Amino acid sequence: MSYLVVTIKVILITGMPGSGKSEFAKLLKERGAKVIVMSEVVRKRYSIEAKPGERLMDFAKRLREIYGDGVVARLCVEELGTSNHDLVVFDGVRSLAEVEEFKRLLGDSVYIVAVHSPPKIRYKRMIERLRSDDSKEISELIRRDREELKLGIGEVIAMADYIITNDSNYEEFKRRCEEVTDRVLKNG
């Protein structure tokens, strides 16, 4: 069952925590894309259904166990509804099951873009940004990386249609993002 007759392009953003996924999504939004942040969709559900003391990542794992590995993708497509955007972006894809679910629901104009940044740079960013799910301890950040890899994020990164390396300054990262976006919009 497809939710949209796809004449749009869909970008699935993946990458390890702190790699720059959200920055890429923000740049795409500035270009007029509809952006859905997958973790926000999960957080919305978490606020209603989480068990006392349950971590967000554990809640997401439980959702997958109950509803299948593509559940977060389905929830995100439901959140999308009907869209009149030429470009739709899902920020935070973590498994091939999610990729397959997006393709099943949205058609073949789906492109995976991985944002890559070396671990030392990512850890420094995460310590500086201090999101609620970030830790100040390197050991905790390494543990989180391992959890993400167990979910299958490495497989999604390996299957990426495009990879943006985020190891320089913001202007260079922005240039690389624009280059990849232009390629997706032009050719796919």
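Note: Cβ is positioned from N, Cα and C throughout, glycine not excepted.
Annotated ATP binding site per Swiss-Prot: G15, M16, P17, G18, S19, G20, K21, S22, in sequence order.
With a cut-off of 8 Å between CB atoms and residues at least 6 apart in sequence, the same chain places V115, H116, S117, R122, N166 near S19 (ATP binding site), listed in sequence order. Around G15 (ATP binding site), the C-beta neighbours below 8 angstroms that are at least 6 residues distant in the chain are K21, A114, V115, H116, S117, I153, I157. Apart from G15, M16, P17, G18, S19, G20, K21, S22, the ATP site neighbourhood in this chain, defined by C-beta within 8 angstroms of the site C-beta centre, holds V115, S117, R122, N166. The Cβ of S22 (ATP binding site) lies under 8 Å from the Cβ of V37, D91, each of which sits 6+ residues away along the same chain. In the three-state DSSP reading, K21 (ATP binding site) counts as helix. With all protein chains in the displayed structure included, the most crowded Cβ environment within 10 Å among the binding-site residues P17, G18 is that of G18.
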